[in-house]
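Copied from TrEMBL, the annotated features are:
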DOMAIN    32-290  domain 'Rhodopsin'
TRANSMEM  12-32  transmembrane segment
TRANSMEM  101-122  transmembrane segment
TRANSMEM  134-155  transmembrane segment
TRANSMEM  191-213  transmembrane segment
TRANSMEM  225-247  transmembrane segment
TRANSMEM  267-289  transmembrane segment
Amino acid sequence: RSLLFTMFIRPGFVVFIVGCTLTSLSTIIVALRYYCRYFLMGTMGATDHLMLTAVILTWGNTVVNYYQDVATSHFRPNQLRNPEKRPMIEAALRGTLITWYVYRILYTVALCFVKLSILFFYRAIASQAKFRRLVYISIVTVCLYTFAVTMASIFQCDNPSDAWSTEAFLSQFDGVPGRTRKPKCFEPSKLWIVTSALNLFSDVVILLLPIPTLLGLRVPMNKRLALIGIFSIGIMAIVASCVRMWVMALWSESPQNSAQFGADLLLWGQVETNSGIISASVPFLRLIFRGRERKENSEEKPRVVAPPKQVPESNNKPLQIDSMAFFSGGEAGPNGSPVWKPFITVPASLSSGSRGSAQLEVVHPFQTV
């Protein structure tokens, strides 16, 4: 039954279910990140708001994936070459073209906000001038190539509306009767391959950017390795980006592959974006577990204050000695008074022992007469 059930599940519907699951997980993790940053650390910044924007855009991609599945479920690719079937599938085809047009833009912008969130966090912790310059260069580079790819996606055709025109799309198969010209559009697959390569390259750069700084910290080696391990969680996004780029190469080979691997391309797009959000937000959740450990330690080892011990009573009486007894057996003066021997009354200097004290000279011994 499970095999039969799997056969009837549309690939586009699987993409939508996976997108909802991953984006919901990303939303929960980003919400916990806000909790840690605001309530436990008492500070928030642009890095948090940029990541929240990325989550919102990813939900937009998930909604677009749903309508992509709905639109493509009403026709098959072999019907595009049959002129008699085209009037029946024109509405569904137009919906497919519009959703793919919107998806290309949302996907690129969402990845841009994920990368900017990570880079703005680097900027906040950058203490070395060289590291900070590299972060600023990376921010500018990500913004520029995202803007360029977005503009190329919007103006894919000389007339932007031709990108979702069914008449323009069907003209590439056998020409539409009565049409004098075909639309001037560039092949979007080349743009997508370049975009995937740039995304993969930027992911690797962002992952490696803080490693030299972390290795140079004056902390024990185990702490340095722990920090590197936390920052290396971003390797999840790199793996997803590599797989998506491989699927992209298969998708762009032919129109038949486009129909076959389209759902896989959307699926790995969701994995790539959400893995970037999760890997960049998970390190902040460490504060929750640290606070729980402190609470458990305080509960396990309560502080016990012992009562003061009673001092046993003593029958000792005060020592009573005649003051002149100290001088017995010594030399006496002419009047019978004791003779004082030389002694030092004060230390030679008090400057090292008390604040603001003056230098005192050595007091010379004196004798009474």
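Residue numbers in this text run from 1 along the chain shown.
Positions of Cβ are set from backbone N, Cα and C atoms, glycine also.
Bear in mind that the values here come from a model prediction, so they are computed numbers and not experimental data.
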Proximity of the transmembrane segment (267-289) to the transmembrane segment (101-122), 3+ C-beta pairs under 8 angstroms: yes
Outside the transmembrane segment (101-122), six or more residues from its ends: residues with CB under 8 Å to it: 45-48, 50-51, 53-54, 57-58, 60-61, 64-65, 68, 131, 135, 138-139, 142-143, 146, 149-150, 153-154, 156, 163-164, 188, 192, 195, 199, 202-203, 206, 209-210, 234, 237, 266, 269, 272-273, 276-277, 280
Overall pLDDT for the domain 'Rhodopsin' (32-290), taken as the rounded mean: 85
